[in-house]
Amino acid sequence: LECYQMSKVVTCKPEETFCYSDVFMPFRNHIVYTSGCSSYCRDGTGEKCCTTDRCNGARGG
């Protein structure tokens, strides 16, 4: 699983999925962009999962 994310290619293990999410940090008053490979991932608020090769999780801005 290859995911182009933040100008770099992230390779995950075959049994893993690539997850990226937007986490709001109240004490810093801005959104932190987190991403990584995980064997478990949920599609929830601000969180997406990359399940196909070479999918782009990076959003503009």
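Note that Cβ sites are derived from N, Cα and C of the backbone, with glycine treated the same way.
Annotation source Swiss-Prot lists disulfide bond at Cys3-Cys19 (among others). In this structure, Cys19 (disulfide bond) is part of a beta strand by DSSP.
What Swiss-Prot records for Cys12-Cys37 (among others) is disulfide bond. The number of other Cβ atoms within 10 Å of the Cβ belonging to Cys37 (disulfide bond), over all protein chains shown, comes to 17.
The disulfide bond feature in Swiss-Prot is assigned to Cys41-Cys49 (among others).
Residues or ranges marked as disulfide bond in Swiss-Prot (evidence: similarity to another entry): Cys50-Cys55 (among others).
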Please identify which of Cys12, Cys19 has the densest Cβ environment, defined as other Cβ atoms within 10 Å, among these disulfide-bonded residues.
Cys19
